[in-house]
Each structure stands twice: as structure tokens, then as C-alpha cells.
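> I have a structure I would like to understand better, so I am pasting it below and will then ask my questions one at a time.
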Amino acid sequence: MRICNVLKLILIFFSTTVFAADPVMISVPHAYENIGKHVSILKDQHNSFTLEQVIRMGDAGKFVRSTESILNLGNSTSAFWIKIRYQNSSKQNAYLIVDVPNIDYIDFYTTDDKGKLIHQHTGTLSAPNLNVVATNQYIFDLPQTGATDQGRDVYLKVRTDNIMLLALKIADAKSLISSGNYKVGFESVYSGILIMLFVFNIFLFISVKDRTYLYYSIYIAALFIYVVLYIRGHGYILGPDFRKFLNMYPHVFASLATLAAYFFSWQFLGIKERVPKLILVYKVMIILWIILFIIAIFGGKSILAVLVNYLSFISCIVAWYAGLCAYRKGLKPALYYLIAWFAVGISFIIALLGLTGVIPYYDLSYEVGPIGTTIEMLFLSFALGDRFNHIRQEKKRVEKENLKLILLHNERLEFVVEERTQKLSKANAEKDKLFSIVAHDLRSPFNSLVSILELNDNDMLDFEELKMLLQETRKNVDQIHLTLNNLLYWAKGQMEMPGSNPENFDLGAMAEKLILVYQPLSISKKVKLVTDISGTCNVFADVNEINLVLRNLIDNALKFSPQNSVINIMMKQQAGEVQVSVGNVTQEDITNKLEALDSQEFFSTPGTNNEQGIGLGLHLCREYIHLNGGDMRVVVKDHQITISFSLPAFGDMKTMS
């Protein structure tokens, strides 16, 4: 029984405090603060109650006393009736302030001194009312009451298709004017920062044509419209039509801002290169926001109000994680990016905790979102600046490396040019020397031949004398023939004519034929030509070039061999190649001339019978042997010189091909 009495007392106390029908009396002047705990609330589920019905419900105790300083009425299409009781016995005007901007419909009811009903209708989707100050808050005049008046009731009906956080205040003129200084200061600062960042980054985009700055500028612009003009209600500056449009489609700008933020993040972080594992996640988030954007265009404000908040929080986490991954991959400017998204993430958490009633909502809570987004924008600007600095430093580094490469290339070109100049100078000198030798060595034989012909024309020679002179001249003519052949082949090489035309032929048979050609000359010089050809010596080489090589080697051997000496010509096939050597003795020790014999320079040395040459033979021999896949060697010992070379055997070349 005692327990029942205790429970009755508790219920009586609770009903008279929390569920009391009447609000608490508010006296004017009153401090500029929220009066949520002094009012009572009635939910109009279908927006169908009339004022008379609501008054009767109030008398019947249907109103519920609020326990919150700022009323959190949730996301509902229902209307809410708020009952306020005040007393204004001062001589100052008093005002009821609905200190939030985004209430679609507001109806204000009270009575004047004569009991006449006062009704003011306003709201973001309502026509302008000259009797209501509608800026980013709504201000209603409160009639004065007498000193003996028990208080006057105000009924406020509010309805909106959005989350409704209702801050109500009663103030006199003095407190109303001085109250909003801090809020104006806050909002002026972050609005100015956002406008400045937008203008600056638009100009940067125009200058550098980097789409990252374009996405960032769109992000700033859309976020400015959503946060400053919609959430904080400054859209009224652009007129009632714009304000109405903005309040019908607010989430179009929220969706556009997040889409721009994701495209900015994709570009800034280099998702494809640095965080490829998040490509699919980013694409899913972008698709979701595009869907929300389309829904927002066709309305659906009530549905989107909650979805946008929660999806924005998820998007913030994804963007922050992507920045962390990019920072770990070496993107240093991502540090500012991480701080930026951390700041906006904290503001989202505070806002969501307030909306869900986990933490109480205060006047400053309205500024948490704008302050968080402003900090985000500032740090994203720092990130872009750091990125621009890194790009500029990288550009300087690349330019410096390119300059080094250009200088190195120029040095190499100068070296190549100098080298080619030296080669050309040397070739020109060799040419001059060669032609001076040719002019000297060919003139004498031709002069002798011309003299013989002139004597014969003048009948100054009999047949025997002519025959003897012609035989003597024969040696010079053969030498001239060989010299002209050498000159033509050398000229062919200098003009870079088409190369060798290799074919299969018997090198031994070629040598035997040349021996027969040089037999008369060897007899006249009393020099014996001895050949030692082992088997068949088939080679794969250019016939004309190798013929010229053998002719020059035999001719040189005859030229420098003294009388009664022997020239040994040896050929054999061994290890897939044919080895050839031509050896003879010389009249003097030529050991000190080995270096000259191995050099590329032209020099002329008279033979044992004063035979002339231009020194081109060995040069051509070395070149043609090399072109045909062989190499030439010169061995000198005292008076003995042996010049040998090797050529690929035909069978070996066929196997290789």
C-alpha cells in the first residue's frame, strides 16, 4: 500500500512538471536566450487542427512540456503547435524570435489588449509578410500586457519537410540588437573566406588549366550555397523567389558539392595511380550521389534530409581514408587534405549527435557545420598550394635535368663534330698526299710511253729497239694498271658505294692464275714464286675484292724482294676458314717499319728496282679482308716479312646460314 502511494506521488510530480499543460510564464525584459524549456508542444499529425481545437486541447492538457532549450522536432511532415506564455509589463516592445531560417510554414497567433486575434503567416515557402521580419530568422511583435495581467498566450504553428531544430527566444529591442554580434561575426568571417577561396581558385583554373582547381571551385560554390545561403539562411539577400527555390531544392547543392569534392579528391590524390583499390568504392559513392542529385531535382526533400546527412558522413570517411593511403604512398600535400577532412568529419559527428539527441543542441551548434567546412576549405587550399609547390619544384628539377642532358648532348655533339672535323682534315690530307703521289708516280711511266710513241712515229726506232723498249715499258704499264684499280676501289669505298657481293669460289685456283700473270715479272727480277696450296680452298667472299687483295700482296712481295730470293704463297683450310700467307725477304731490315705497315696512313716506298707505288695497296687489303669476314696480320722479323689473312670457308658459312 505504501509503495502504491509513493508511485502516485511520483506520477503526480512527473505529470505536473513534464506533462503540464501550461507553459512557464516568461517575463519581459528577458535575457536573450532560448526558451525551449518554457514552452509546451502539441503534435498535429495530419496538419488538420484549427486554432480553436488547439486551444481546447491546451485547456485539456494535451500539450507536452519541452525539456530542451532548442526544440528537436525531428524529420516529419507533421505540424507542431507551440504554446508560449509571456508577460510584458515594461514599456518596451517585446519580440518573439524564431532563430532558424528554414521553416517552410509558420503561423503566429495571439491577441491584442482588446482580445482581438492577431495572425501572422510566414515561412520560406510562403509569400512575404510585411508585418514579420524575415531574414535568417523570423521576428514577431509581441503585444504589451498590463502589470496585473496573468500573461498572454502565443500559439506558434510550424511545419517543414526537413529536420526541424527550433530555437525560440523572447527579447526586447536592446537585447535583440546586441545579441547577434557574435553570430554575425562568425558568419561574416567564414562567408568571406569561402568567397575569397572561390574567386582565387577560379582564376588559378583559368591560368593553369588544371581541372583540380575547377572541381575545388565548384565544391566551394555549391557548399557556400548549401551552408551559408540555405542552412544559415542568408539566401534571403537574393530575394524571396531565390529563397523559395533554394528551400525547395536544397539537396541539389549538397549533392553537387559532394560530387565536386569526390572529383577533386580523385584528381588531387591520383586515385588511379596511388590508391587503385578504392576506385570501385569511389565510383559507387559517385553513383549514389548522382542518384541523390536526380531525386533532389524532382523534390523529395523530406526523404533526402536524413539520407544526405548520413551519406555525407560516410563519404567523409571514405575521402579521409583515401587521403591517408595516398599520404602513405608519398603524396606529402595529402597531410593538409587529411586535416581538412578530419575537421569536417568532426563537425558531422557533432551535428549527428545533436540531431539524434545524444548531446544537447545549443546556439553555437548551428555554427559547427559552417566552421568545420570553412576549416576544411582552408586546409584544402593549403593542400593545393603545397601540391602546386611540389609540382613547381618537380618542374624545376626536370628542367634542370633536361638542361644537364642538353649540355651533355651539346658536349657530345661538339666532340662528334670535332672528331669528324679531325677525320675530314686527316682524310683531306691523305687525299692531297695520295694525289701528289699519283701525279708523281704515274707521270714518269706515261712520259716514257709517250716518248717511245713519238720516236716510233718519227721512224727513229727499228723493230728490235721498239720491241725492247716496249718490254721494258710493260712493267710500268702493269704497275699503272694495278695502281688505277686500287684508286678506283678506294674511291668506291670513300663514296660509300654498295658493299661486297660474296659468292663461293676457289681461292687456290685464283692464286694459280695470278701466279701465271706475275710469272714474267718474277723472271725479269730473278725472283721465284713458290705456292703451297693444301687441298680445295673454297671461300665465301667477293671475287673482285679478294682478287685485288692477292694482286696487291704478290705485287708488293715482288716489288721489295731482292734478286735470287723466293716468295712463298701458302693456303690451307683449317677450323672453318681458309688461311693465306704471302712471305718474302727484303733487302734491308724493316723491323722498325712494322708500325707503319699496320697503320691506316698512305706512304710510298720504292721497290728494289726503284718500282713506284702510292701506298694504297695494304690499306685496301686490310679493308676488304675485314669486309669479307676475315682479318689481316703482318709479321716482321729482321729481313723476313709475312702478311697473312683468313677468310670464312664456304662450307662453314653455309652451315651458319
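Heads up, the Cβ atoms here are built off N, Cα and C, so glycines get one too.
Keep in mind that what you see is a predicted model, and the values were worked out from it rather than measured.
What TrEMBL records for this protein is below:
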| type | residues | note |
| --- | --- | --- |
| DOMAIN | 437-651 | domain 'Histidine kinase' |
| SIGNAL | 1-20 | signal peptide |
| TRANSMEM | 188-206 | transmembrane segment |
| TRANSMEM | 213-231 | transmembrane segment |
| TRANSMEM | 251-271 | transmembrane segment |
| TRANSMEM | 278-297 | transmembrane segment |
| TRANSMEM | 303-323 | transmembrane segment |
| TRANSMEM | 335-362 | transmembrane segment |
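Describe the structural surroundings of these features, if you would.
When pLDDT is averaged over the domain 'Histidine kinase' (437-651), the result is 76.
Long-range contacts of the transmembrane segment (188-206) within its own chain (CB-CB distance under 8 A, at least 6 residues past either end) are made by residues 213-214, 216-217, 220-221, 223-224, 228, 234, 370-371, 373-374, 377-378, 381, 384.
Beyond the ends of the transmembrane segment (213-231), by six or more residues, the same chain brings 101-102, 187, 190-191, 194-195, 197-198, 201-202, 204-205, 238, 246-247, 250, 253-254, 256-257, 260-261, 263-264, 267, 366, 369-370, 373, 377, 380, 384 to within a C-beta distance below 8 angstroms of the stretch.
If one looks beyond the transmembrane segment (251-271) by at least 6 residues along the same chain, the residues whose Cβ comes under 8 Å of a Cβ in the stretch are 211-212, 215-216, 218-219, 222-223, 225-226, 230, 278-279, 282, 285-286, 289-290, 292-293, 295-297, 300-301, 304-305, 308, 311-312, 315, 319, 322-323, 326, 331, 333-334, 337, 380, 383-384, 387.
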